[in-house]
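S.K.: As annotated by Swiss-Prot, active site applies to Asp136. According to Swiss-Prot, the substrate binding site annotation covers Leu83, Cys84, His85, Met121, Glu122, on the basis of sequence analysis.
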Amino acid sequence: MGTGDPGGAPRLTHFDEHGNAAMVDVSAKAETERVATAEALVSMRPETFALIESGGIAKGDVLGVARIAGIMAAKRTADLIPLCHPLALSRVAVDFALLPDRPAVRIEATVTLKGRTGVEMEALTAVSVAALTLYDMCKAVDRGMTIGGIRLLHKSGGKSGTYRAGDEA
């Protein structure tokens, strides 16, 4: 949401004055360093986790393939989300934390750009597609895996400033 009226009342930015969907015009915005980090969690059976950890999944390197899928997805966000701007991203990093006590894999993506619009959707798309890829690679042994906890952890740059999950309360 942005503030579209003089009183500063929140409004959805992807709609014009008639309520029609519209891509936001960012041409007047200053180019600044934009960074966003998102996360997702894939929960699974302990046996599935052990196979991922040991590299025993028949399809191959689960985390390596999921990392590449997440990076590719971040670069293709504008093709997937209708009103996102196509962006020349500076950096996309996709990392994994193995959580044996849960058992789960936590996925984190950080996207960087010097530009006129944020990269939150690119980071969220990266973790989403990385999670879907992990599911695809492992579904032969565990169709009961769950994907959840997809959220923005941090964003900085631009007019709206810095956001950190948990700071909004």
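Any Cβ shown, glycine's included, is placed from N, Cα and C.
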S.K.: Beyond the listed site residues Leu83, Cys84, His85, Met121, Glu122, identify every same-chain residue whose Cβ lies within 8 Å of the center of their Cβ atoms for the substrate site.
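M.R.: Leaving out the recorded residues gives Thr77, Ala78, Ile81, Leu87, Thr117.
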S.K.: Cα-Cα separation of Asp136 (active site) and Leu83 (substrate binding site), in Å?
M.R.: 28
S.K.: Taking Leu83, Cys84, His85, Met121, Glu122 as the record's substrate-binding set, what's the max Cα pairwise distance in Å, rounded to a whole number?
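M.R.: Across Leu83, Cys84, His85, Met121, Glu122, the widest Cα separation comes out at 12 Å.
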S.K.: Among the recorded positions listed here (Glu122, Asp136), identify the one with the smallest other-Cβ count within 10 Å.
M.R.: Asp136
S.K.: Fewest neighbouring Cβ atoms within 10 Å: which of the binding-site residues Leu83, Cys84?
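M.R.: Taking Leu83, Cys84 as the binding-site residues, the minimal 10 Å Cβ count falls on Leu83.
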S.K.: Can you tell me whether DSSP puts His85 (substrate binding site) in helix, strand or coil?
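M.R.: His85 (substrate binding site) sits in coil per DSSP, no helix or strand.
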S.K.: Below 8 Å Cβ to Cβ and six or more residues apart, same chain only. Which residues does that give for His85 (substrate binding site)?
M.R.: Met23, Val24, Val26, Ala78, Thr117
S.K.: List, in sequence order, the same-chain residues at least six positions removed whose CB sits under 8 Å from that of Met121 (substrate binding site)?
M.R.: Thr77, Ile81, Cys84
S.K.: DSSP on Glu122 (substrate binding site), three-state: which is it?
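M.R.: Helix, per DSSP.
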